[in-house]
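**Q** Annotations per TrEMBL:
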- A:6-26: transmembrane segment (TRANSMEM)
- A:33-52: transmembrane segment (TRANSMEM)
- A:58-82: transmembrane segment (TRANSMEM)
- A:89-113: transmembrane segment (TRANSMEM)
- A:133-159: transmembrane segment (TRANSMEM)
- A:189-208: transmembrane segment (TRANSMEM)
- A:214-233: transmembrane segment (TRANSMEM)
- A:240-258: transmembrane segment (TRANSMEM)
- A:264-286: transmembrane segment (TRANSMEM)
Amino acid sequence: MDLLTHWLGNAPDFAVPFALAALGLILTERAGVLALGAEGLMLVGALAGIGMQLGVGVAGVSLLVAMVAAGAVSLLFALMVLVLRINQVIAGLALVFFCQGLTGLAGTVFGWTNRPVSGLNTVELWPLSELPLVGKIFVQNPLVYLTVLIFIAVVWFLYRTQTGLRLRAVGENPQAADAAGIPVLTYRLAAIVAGAALIGLAGAYIAVLSTKMWIADMTGGRGWIAVSLVIFARWSPWRALAGALLFGAIEALIPQLAATGVRLPQYFVLMTPYAVTLLVMIWVALGSRESASQPGALGEPFIREQRR
Amino acid sequence: MFRNVLQGTVCAAVLLGAVGNAQAEGLTLKAPAKIAMVYISPRNDGGWTQAFDEARQKLETELDQKIQFVESVPENAAAITPVVDRLIARGANVIIGTAFGYSDTFLELAKKYPDVAFLNGSGTTNAANLESFYGRTYESQYLCGMAAAAASKSGKLGFVAANPFGQVNWTINAFELGAQQINPEATVNVVYTGAWNDPVKERAATMALIDNGADVIGQHVDSPTPQLVAQERGVHGTGYHRDLSEFAPKATVCSSMWVWDRFLAPELKKVIAGNWQPSATGALLSMQEGGTDISLTKDPIISAANRAKIEAERAQLLAGKKILYSGPLSDRDGKERIAAGQVMPDADLWKMDWFVKGVKTQQ
């Protein structure tokens with residue numbers, strides 16, 4: 001029973017970075033820009049957040065600065081794919097390598113590596129936090145609750161506002177959107193920067209609120225998991241949130257099982273997240289026969305008056 | 001009979017070529033020694049590489065010469081070779097590497113430059129002018145286990161480990177054997193993270209161990225995360241690589257730390273004097289030979305009696321009077337692993353995949 005309580009209590013902490021990064025990716029990709037750079041932008045957010053936290057020490061400011069920093073770096077990506085129309089896969093990969101090098105170097109030069117920071121205190125959602133078994137789910141740092149609100153806001157924006165409709169139109173059929181008078185490149189630029197800000201927030205969550213320190217390459221491939229999460233969620237924010245919770249739950253379960261001293265096959269346990277990904281992929285593929293909800297123009301550069 | 005053996009040895013030496021012959025009288029440098037180090041990470045990484053950089057500064061004083069270094073050289077031939085080529089072109093004739101992943105490239109470089117002395121920390125390859133070295137970390141981790149049990153109220157210790165390799169498993173067993181010296185009932189729960197340096201996984205592992213009642217957390221991972229989490233949760237821990245009380249002063253009661261200068265200073269003096277003979281199997285350094293040592297807290301959480309016990313064991317190890325993996329020793333399933341009067345050979349140490357009684361791990 002203790003296992004269940006601790007496990008459920010720790011799961012949101014692991015789920016939030018996946019959820020925020022996936023949401024940022026969905027926002028960008030809904031506008032038709034294939035964003036593979038999440039791993040790099042998360043590192044930028046993580047480093048900027050830690051730098052700010054070491055300097056000023058106000059977590060809210062650090063998280064905002066992390067979002068701005070990731071947004072600023074994404075301008076480089078926007079320049080490559082929107083203006084120079086470089087292949088979006090290559091530009092995305094280049095962005096990851098660039099950010100890995102940049103953050104590794106900056107972290108070393110400024111001496112931010114391994115320096116512990118204070119995060120944020122947890123907030124209890126009373127009386128939910130008094131519930132048996134699941135109570136610990138409602139004792140989290142404020143950004144966990146805020147993530148839910150961010151999801152509601154982004155979904156509302158994408159599906160309930162005219163701007164959101166236009167953004168999706170740009171991703172589905174930029175020529176038609178252009179004919180309707182929507183500035184395609186402006187929308188795509190905004191989607192890239194806004195998405196990057198959310199991805200940067202995901203990175204800052206890991207560094208500032210979860211591990212409370214910086215180490216080069218500390219995101220450890222979580223940006224790539226977010227990329228696959230988006231595909232598996234078929235660009236739906238709620239499904240991405242569910243996927244993030246699933247991954248977070250598994251990541252939280254592995255050490256909890258190990259710590260109880262149950263003798264399980266070690267390599268089997270470490271394999272579980274990947275095995276579960278495969279199973280869910282198969283289940284999703286078998287379960288739904290509806291046409292893929294991938295944005296129609298995903299990965300295609302927009303050139304006015306060019307035939308598709 | 002003896003003659004045959006001798007002939008065999010001579011044949012082997014001939015097969016090894018001219019380089020092999022040089023081994024007999026020791027490597028002679030062609031010019032005054034000029035030492036350079038190649039680091040795998042930035043020099044202020046807080047752990048492995050920083051320990052080497054601290055040793056470098058001590059060596060500079062002791063050997064009275066500047067020692068160059070190159071930082072963040074990744075573990076592939078395409079990255080290592082040009083760096084070492086350039087160092088040698090600029091006159092360096094003693095190259096010290098710092099990574100397991102440099103092993104194969106260093107062997108090739110050692111053949112390419114037979115007049116240059118190569119040393120490689122945590123490497124696996126050796127030659128007439130190349131020596132790999134590593135520490136018997138189980139000795140210092142044994143002392144950390146003693147300190148952990150001394151600081152523990154519950155007798156339930158936790159251990160955050162990277163991967164179930166021989167040199168990780170030997171520290172876990174040693175940690176438990178040390179803990180039993182203080183509290184025969186002490187147990188160690190182990191969580192493997194599957195990564196050497198992933199603060200997210202290390203945090204999760206530490207939290208899980210504390211959730212399950214552990215009140216002192218040992219570690220064999222690269223980042224100080226387990227110590228930071230221990231401090232946050234108001235429990236204690238023991239560090240690895242360096243004195244981690246730098247990061248978690250309230251939590252860290254003891255650290256296993258590298259003291260490479262104690263090994264490298266005499267070794268480099270031999271290189272300089274021209275009578276260096278690299279070990280054919282690599283140097284696996286005991287505390288006496290200068291691999292590791294501990295840094296023990298002054299905190300009264302460790303009682304004077306226990307402190308005396310730890311210091312006594314440390315003195316034994318430093319004097320080379322104690323061999324930890326000697327028989328009789330059985331694993332947790334009751335199978336005898338080292339017979340009475342026997343000492344475990346190094347080859348078996350590297351393959352250790354069994355645990356002593358009191359260790360709880362996954363399989």
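Cβ coordinates are placed from backbone N, Cα and C, and glycine is handled just like the others.
What TrEMBL says about a protein is an automatic prediction, not a curated fact.
Let's see these features in context: how buried, what's close, how far.
**A** Beyond its flanks by at least six residues, the transmembrane segment (A:33-52) meets 17, 21, 24-25, 61-63, 65-70, 73-74, 77, 81-82, 88-89, 91-93, 95-100, 102-103, 106-107, 110, 112, 115, 117, 171, 188, 191-192, 195-196, 199-204, 206-208, 213-214, 217-219, 221-224, 226-227, 298-299 of its own chain at Cβ-Cβ distances under 8 Å.
Outside the transmembrane segment (A:214-233), and at least 6 residues removed from its termini, the chain residues within Cβ reach (under 8 Å) are 17-18, 21-22, 25-26, 29, 35-43, 46-47, 50, 96, 100, 103-104, 107-108, 112-115, 199, 202-203, 206-207, 239-240, 242-244, 247, 277, 280-281, 284.
Through the fold, the transmembrane segment (A:240-258) approaches residues 3, 6-8, 10-16, 18-19, 22-23, 26, 151, 225, 229-230, 232-233, 264, 269-270, 272-273, 276, 280 of its own chain, all at least 6 residues removed from its boundaries and within a Cβ separation under 8 Å.
Within its own chain, the transmembrane segment (A:264-286) is flanked in space by residues 228, 232, 234, 243, 246-247, 250-251, 253-254, 257-258, which lie at least six positions past its ends and keep a Cβ under 8 Å from the stretch.
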**Q** For the transmembrane segment (A:189-208) and the transmembrane segment (A:89-113), does the number of C-beta pairs under 8 Å, pairs 6 or more apart in sequence, reach 3 or more?
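**A** Between the transmembrane segment (A:189-208) and the transmembrane segment (A:89-113), contact is absent.
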